[in-house]
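Q: Dumping what TrEMBL says about this protein:
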DOMAIN    1-378  domain 'Amino acid transporter transmembrane'
TRANSMEM  6-31  transmembrane segment
TRANSMEM  51-79  transmembrane segment
TRANSMEM  99-116  transmembrane segment
TRANSMEM  128-148  transmembrane segment
TRANSMEM  168-187  transmembrane segment
TRANSMEM  208-228  transmembrane segment
TRANSMEM  248-273  transmembrane segment
TRANSMEM  301-318  transmembrane segment
TRANSMEM  324-344  transmembrane segment
TRANSMEM  356-378  transmembrane segment
């Protein structure tokens, strides 16, 4: 919102939400059609392989999905570490511990949760995550409204900062960030967990999902931008800390909100580890042996732990969350969540070329390609600019 302003910010929040909702319903329809033809697909790369050809699944969609999901793991560990640091600063405003130390702590929690065997075993964690998401968003929205009305409220400036060039490229950066927050690179994997008959269930699930999204994204985005204007920071809770680590909200409220955030982030991070886990276990597990046999448990423990350790290292080295979000949005989420579903639908379902749905899909593909190019340039440029200020293992 701070990169786009009021009008463009609200328009893009609504537009990207509508496009992704439409996109994921198209994916669901394609999966149903393929299942009816006897080709049940469990993964994104399976869809690309069967519909577009083996090379698309192996060399484009598979690596792209892997990178997006692993990027979400890195981002989750980074944000979890930041939330732990905020709790520390609430009790010790002049404390000397560094961000990377808290990232390691959250990485250790993720390391334990990563050993849950499968997507199915995460179902209870997912439910808790939903409730925590609502609680966390309600707290941040209420906090923004309270801060915005208080005597300590920051000066409200809604102008776009920087030169004309900075504003234009910043706007594309903002669009890429919004695309990333809406993106879900595991829709086929989620649909594969539904008990048959699948028809209609995914639409109900997506409708519930987007009702939660509408309440949380718009509530947090609009209230936060109203309270902090163009001074809003990329990690929302950092706005509540104020200057010189002087909290703008009661300590108990910030503590509760941060705890909600930490628990919710731990659940999200574990969910996005699943595609990485599946790649390792397909390569190193023995399907002839039991799931809990030593032959399968030891490699699973080693490679899941290795993936979490590496993600924790990347999060500690590169704590520039806003820049990372924009980069993943431009080069990962937009191709996978905005372009590929339209292509798969047009190729698999083959709507008439004169039909409205064919041309809507084509328009979304062309517009998304423009966003990939310009958003990619904008995000790389911002990282280069920030590299002059930040350093590896920065304490942010």
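Numbering starts at 1 and runs along the chain as displayed.
Using the three backbone atoms N, Cα and C, a Cβ is placed for every residue, glycine included.
Situate these features within the shown structure.
A: Within the chain carrying the transmembrane segment (6-31), a Cβ under 8 angstroms from the stretch's Cβ atoms is held by residues 41, 47, 51, 158, 171, 174-175, 178-179, 182-184, 187-188, 191, 198, 202-203, 206, 210, 213-214, 217-218, 221-222, 225, 337-338, 341-342, 344-345, 348-349, 361, 364, all 6 or more beyond its ends.
Within the chain, the transmembrane segment (51-79) has long-range Cβ neighbours (under 8 A, six or more residues past its boundaries) at 30, 34, 43-45, 103, 106-107, 110, 183, 185-186, 235, 261, 265-266, 268-269, 272-276, 279, 307-308, 311-312, 314-315, 318-319, 321, 324-325, 328, 332-333, 335-336, 340, 343-344, 347-348.
Through the fold, the transmembrane segment (99-116) approaches residues 73, 76-78, 80-85, 88, 122, 125, 262, 265-266, 269-270, 273, 277, 300-301, 304-305, 307-309, 311-312, 315-316, 319, 393-396 of its own chain, all at least 6 residues removed from its boundaries and within a Cβ separation under 8 Å.
Same-chain residues lying 6 or more positions outside the transmembrane segment (248-273) and placing a CB less than 8 Å from one of its CB atoms are 69-70, 72-73, 76-77, 79-80, 83-84, 86-87, 90, 106, 109-110, 113-114, 116, 119, 122, 125-126, 128-129, 132-133, 135-136, 139-140, 143, 146-147, 150, 152, 186, 237, 239-242, 304, 307-308.
Under 8 Å from some Cβ of the transmembrane segment (301-318) lie the Cβ atoms of residues 70, 73-75, 77-78, 81, 99-100, 103-104, 106-107, 110-111, 114-115, 273, 276-277, 280-281, 284, 324, 392-393, all in the same chain and six or more residues away from its ends.
Beyond its flanks by at least six residues, the transmembrane segment (324-344) meets 19-20, 23-24, 26-27, 30, 44, 47-48, 51-52, 61, 64-65, 67-68, 71, 74-75, 78, 173, 175-185, 234, 318, 361-362, 364-365, 368-369, 371-372, 375-376, 378-380, 382-383 of its own chain at Cβ-Cβ distances under 8 Å.
Within its own chain, the transmembrane segment (356-378) is flanked in space by residues 19, 23, 26, 169-170, 172-173, 175-176, 179, 326-327, 329-331, 334-335, 338-339, 342-343, 345-346, which lie at least six positions past its ends and keep a Cβ under 8 Å from the stretch.
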Q: Six or more residues beyond either end and a Cβ under 8 Å away: which residues meet both conditions relative to the transmembrane segment (168-187)?
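A: Contacts with the transmembrane segment (168-187): 1-4, 8-9, 12-13, 16-17, 20, 24, 27-28, 44, 65, 68-69, 72, 160-162, 213, 217, 271-272, 274-275, 322, 325-330, 332-334, 336-338, 371, 374-375, 377-379, 381-382.
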